[in-house]
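Remarks on the structure that follows.
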């Protein structure tokens, strides 16, 4: 089954023959001589994957160096056919799909590829666990930014490589160590960065300009300006400016403080120092003074100040390890390397000079196209040769590089676009009602103006003798008889219209904006301080990163969730293995005495290598490896774990006494702890498992790896590495053993691995069938599976592969396809070793959270990069999928396939196309029943005549066709009819496309939750974005509106805080409309009784203080603290959440009911005092004082009737505001210069005064009270029923 070559030998690597780069094709053996089942002319490989090869044509031009991957150096023409093995590894350690980019012109996407890009047009980075982490390339990224900033759908028809093409047309010239010549035309920016919005000079005009984007502010500015005109001066000129100035100043202070913090951060960043080569030696220089072309030296754990091309590192082979968390959110280490041509010069201390031609600055952090002329040589540079600003140097003593992009031109700064501003949906509805209030305002002003015009026309001959108007002065002195501010009836009518606008201005509540800001701030404080949303494992609290959309949390209808790291912990654990057809399952080492015996047996190597995280082992598999057994099973197990230890890009980091040490093979005996860093958690889990069984990878260099096998060092020369890609779905490494034998070790997805296995006999068939049974068993348990295989390579095969590998790696055209073909030379006729099963544990509380969200009527869609089988199994384990669901699976390889699959699904389950309105109604119906009911006219013998819960499962390949073509509506109709949607193998822009599919076709609110950089586009596209503080950095958190530690907190965030916030803010808006409208209508009735004169019985200060002081504090306190239901009730009955997305707390019907109630209350408020004091001699200012107190008491009692949760501060706010009003009235009435001097003192002595206020309150609120009681008795809402149940339990 496998090779009988010994795996250990003390002999060193001997020479190997390789072909020259320019070797003639006729000297090469045919492909068929290596693997009969593989042909590149018309092979099975090409037939099955032709479309994939076409669509991945440019994949090699878009890939990056994986974290922890061994570096790749272009093969230089060899001067001899023979090359020693000691030189070979440093020259031939390659990664197939992340080769150094050569200098070439990128081809534009062909017509055939146009349909495959769009949302799917992104660069994909795949790891060995089949998890697809995708990042958009520059073209797609720019389109996404446009979509996010404009909040509208933009169709990205194809990937645009214009930015890279600029490189060929207009390259940037960087003269190494010659910044003056580099920037001789002063066209490059310095390294100073600026993230602040304002300067001292621009702050005032720019901030005001931004604030006046709110139309309401312009309205109040116009009102204040009108009040400055003498004919229209209804209020005092200073008084009229007070409300607007107050709001503008509060907002300006907040904005100024935020920008001051940005200035401080920029100043600290710009004044950091780095070593720059000056006058032949490295000297400290501030970051802001670094220029393009300068040579910079960075030491370990320091941050990279600008984008630099590496010239040399502390590693003689040019290796450097960096952490890109600040850039892409990933915490794992990545490898970068300097070209060997420059490394030698740096180590020799030679004068560093040369020329770099590179592309113009762009935001694509995953690609870099350039070439370098150095010491008479010209060679290409790629993304693997550049380190970017913001990254940190790790596990490398120092690096030296030349600056190519500085300051605002660095890729980090070009990608630092501010997240798109999101606006509350309720606030947009509020604008609709504000428009209606504006209509009311204009109608009232028109009535007053028209009435005044008619009144003036009727009494035009008596104007000098009637109370409200006069044409001339009637005073003793020189002014007697002169015209007194009379401009004629038409102008007086026009001025009356404008004056009415000033008098009725608070009909549009300017205080509402500042009130909502303060209420949201208070709500955020209580969400942050909620101890139930504190993650003790990571020490992370809930974060409110956006204060504009708190109430949207209570209206969510769709939740789009990532899987890995969001639903799961993203902490992989090796659980099971199938070796040579036998199933082995890990267990706790301390379960029985046998396991303790195994611990003692393993003590000799476990004491030497201590893993940072312990891995449990299976006793029988452990015995198979370490007992004196012989046979194929032990050899297979041996190669199985050797493959796990060798076939990866993991970086071993060894430490002694918890301090970092060098990865030196001479000091391994003293090492206490070993930690594995890699881009893929699966790889780390597999390598850790191999170490637990005695195969410890502890050294990796540019050309070899060293594995400790039970205390024996085994050095393996790495001849080549074919990294994982989305077409092959596997990874392979070609290694040379000390005895000169060469093997290829392969691991990958079962879908592609099982088809390339050798079939040499019945035993192989038995092992294959047994392994397949185990794979099905593992997948059904939600475990992530990989198949492991290997085979020996003959000298002829090795020679053929090396020649092809060199040619493909340096190809400028179809590099990815050629590398896949080259990999197929050795990835065939493999001997099956076994399979692995890794568990990615669900986070605590995920199934319960998903079930609660579903009961609340929220549809949960999972968008993941994992393969379909794993995603389905995780969906079952987290209760997203149930066994009774009918699964609709869409896996199409072409547009026609997708069209047919969608049509078949619609026919089978009777799904009907619908317009948006009908779909919204159907979607609301589904929210109540939770599944689809098949229409009667579509039921047949093939369709069950019962309610069928459906689950749609679709892969990213199908989405490429569907989202680009006219199939979106078909997908939408099917997806919204399903209870669950599961999207597998999706790229980041496809995630955003799915969210946009719902946003653009429904009015439902969407929420996206994720933890990685690949979730950013989805988070920014959704109405509400939630970031998980997980294992993949903070990119998702930085782009989110809210952030938390675990997915389970989403249940409390939506069902409790979301419900509270929506109910509070909805009531807050309606109450503010009512509060201001009742005051304005009271003034309106008064003006109608004073000959339309726009005079007021209230003082100017009372009118201003009404909405700012008298009635604002209770509104804010209730908006922050009121709770209609307890959190226990809301969590116990998730269906109560439905009141949010059904808009029960704020809608047009409630608005009109409120306005009718307002009209009634204003009539009672005005006419009751009028009739009570009809026969009295009370003056107008005393009546105005009565109206002021009465309206404040009325609106506060109105508020008190609706408060559900009374606490001490609520009592203080409500009753205290009435007391404050009285206090202000006393103060204002005690000022002799005011016309209302001493009125409150006279009124307070009269019992009639107090009885009038009581009568107003009772009569005005009686209809409201009766309606509330009747409605609650005969037509109670779910919330009212739950509230009654709460009270019964409490009593």
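A Cβ is built for glycine as well, from the same backbone N, Cα and C atoms used for every other residue.
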Using TrEMBL as the reference, determine which range in 1104-1121, 1122-1139, 1230-1247 is annotated transmembrane segment.
-> 1104-1121
Which one of these stretches, 413-434, 435-456, 457-478, shows up in TrEMBL as transmembrane segment?
-> 435-456
Do you know which of 1045-1067, 1206-1228 TrEMBL annotates as transmembrane segment?
-> 1206-1228
Measuring Cα to Cα, how many angstrom lie between residue 784 (ATP binding site) and residue 1011 (Mg(2+) binding site)?
-> 19
Mind looking up the mean pLDDT for the domain 'P-type ATPase C-terminal' (1037-1277) in the predicted model?
-> 90
Spatial neighbours of the transmembrane segment (494-514) not adjacent in sequence (6+ beyond its ends, CB under 8 Å) are 214, 216-217, 219-220, 223, 226-227, 231-232, 234-235, 240, 243-244, 246-247, 250-251, 430, 434, 437-438, 440-441, 444-446, 448-449, 452-453, 487, 1069, 1072-1073, 1075-1077, 1079-1080, 1083-1084, 1087, 1092, 1094, 1096, 1103, 1106-1108, 1112
The number of other Cβ atoms within 10 Å of the Cβ of residue 784 (ATP binding site), counted over all protein chains shown, is 28
Neighbour tally for residue 1014 (ATP binding site), based on other Cβ positions within 10 Å of its Cβ | 32
Neighbours of residue 564 (Mg(2+) binding site) among binding-site residues 724, 865, 1014 (C-alpha cutoff 10 angstroms), in sequence order, are 865
Contact between the transmembrane segment (1206-1228) and the transmembrane segment (1104-1121) (3 or more Cβ pairs under 8 Å, separation 6+) | yes
From the binding-site residues 562, 1011, 1015, pick the residue whose C-alpha lies nearest to the C-alpha of residue 865 (ATP binding site).
-> 562
As a whole number of Å, the Cα atom of residue 1014 (ATP binding site) is distant from the Cα atom of residue 562 (Mg(2+) binding site) by 9
Lying 6 or more residues past either end of the transmembrane segment (1104-1121) yet within Cβ distance under 8 Å of it, the residues of that chain are 235, 239-240, 242-243, 246, 506, 509-511, 515, 518-519, 522-523, 526, 1064-1065, 1067-1068, 1071-1072, 1075-1076, 1079, 1188, 1191-1192, 1195-1196, 1199, 1203, 1205, 1207, 1209-1210, 1213-1214, 1216-1217, 1220-1221, 1224
Pop the Cα-Cα gap between residue 985 (ATP binding site) and residue 562 (Mg(2+) binding site) into the table, whole Å please.
-> 11
Contact set of the transmembrane segment (1248-1267) with the rest of its chain, CB cutoff 8 A exclusive, min separation 6+ beyond the ends, reads 1157, 1160-1161, 1164-1165, 1168-1169, 1172-1173, 1186, 1189-1190, 1193-1194, 1197-1198, 1201
Lying 6 or more residues past either end of the transmembrane segment (1150-1168) yet within Cβ distance under 8 Å of it, the residues of that chain are 433, 436, 440, 1070, 1073-1074, 1077-1078, 1081-1082, 1084-1086, 1187, 1190-1191, 1194, 1198, 1252, 1255-1256, 1259-1261, 1263-1264
